[in-house]
Each structure stands twice: as C-alpha cells, then as structure tokens.
Amino acid sequence: MSKYAGIVLAGGMSSRFGEPKALAIWKGTTFVEHIVKVMGNTLQDIVVISHTDIKERVEQFVQVPVIEDIPHYKGNGPLAGIVSGMEYIEADWYAIMPCDAPNVSHEWFTILLEQTNNEYDAVVPIINGRKQPLLAAYHNRVKEKIYALLQEEKRSMGQLLSQCNVKYVSGEDVQANADWFINVNTKEEYGQAQKDLSNE
C-alpha cells in the first residue's frame, strides 16, 4: 500500500462553464492533463475520476487510470468521486485535486503532504478565510465516514469535515500563493486566467 496517492476530480458536469472543464485548453494541453502532470511531480499513484460522457476523451490525454464513480453512488458529487478513488488505489493518505484549479503548483502537494500525520483525518487549506476541502488531503479512515454520509444521501464536503479531526493550514507559504487555489468556473474566469497566464 502506498503512503500517498492522488485523486483528480474531473467528473463534474461543468454546467456554468458550458462544456467539460476537464478538456479546456491550458498551456497547450488540457486542464486534466496539466493537473495530472503537476501532481505527478510529487505523487506516483494517481487516478482521475471522470464522467461517463467524457471518460474516453480524458483517457487520450493522461497516462494514469481514468475511472467513473462507484455505480451505486454515481452523480453524488465530490464525495462519490473521492471514495471511488480511495477504493481504486490503496494508500494511507489521498491528495485531492479538482481539475479546474490550473494554477496549482507542485509545491502545494509537498506542503500539503508534509502536514499529514495520523493524529488527523484531513489536512485542509484556508485561503482568504475560506476552507478549501477539494484541495486537501484525507486519511484512508475517512472512507467509512464518506460511505455513511452517502448512505444518508448527504453530499456536502462541509458535513464530512464536521465529522473529521481536521488540521487547517493557513501559513504564509499558503496565503502568499492564493492564486494556486483559484477555481475556473465560468468562461469569463477562464478568459481572465488565460490573460493572467499570458502576462506572466
């Protein structure tokens, strides 16, 4: 069993974006391929959780396994994606990453995983006062908590955190790099991110 593994969440319907965000172009490739490459600098075992409609297209861009949600929980949001990844790869800790935060640096995964220890169930950054539970790390033991929530038809990441012993990370190295955690949810945000990229 690996100590650490990565789960990339690329199964959302991207309704506000208008097309699958996982396949949006970024730095000459796609969001999902870019995220997998960045994560791959720190982690060897990575799985991508994809939606049925785009799974075959995602597989063309990444060299890691691409799976769908566990059938019984398909469509139940990020909790379903996380637990599906946990079932696919055995590890002590899982770094979670949505496919729509393309500014993330490989440094973040080093910082994140250095904070893990068995005293905690999760390590979650706080950026500008807001918890970021989808750019976080979760211990394997959280899997049973997720199953219990899904059985009760509860899908909120906040509900999961309320049941976990969480280490919140908000140090200077995180706050100084708040752009790592910016999500691209709309075409307008995508255009701004592309503009910022060209100005670097």
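Here the Cβ of each residue, glycine as well, is placed from N, Cα and C on the backbone.
According to Swiss-Prot, the residue from Lys21, Lys55 that belongs to the GTP site alongside Leu9, Ala10, Gly11, Asp69, Asp100 is Lys21. Annotation note: Lys21 (GTP binding site) sits in a helical segment as assigned by DSSP. Applying an 8 A CB threshold to same-chain residues 6+ apart, the list for Ala10 (GTP binding site) reads Pro20, Lys21, Ala22, Phe31, Val32, Val48, Ile49, Ser50, His51, Ile54, Val58, Pro98, Cys99.
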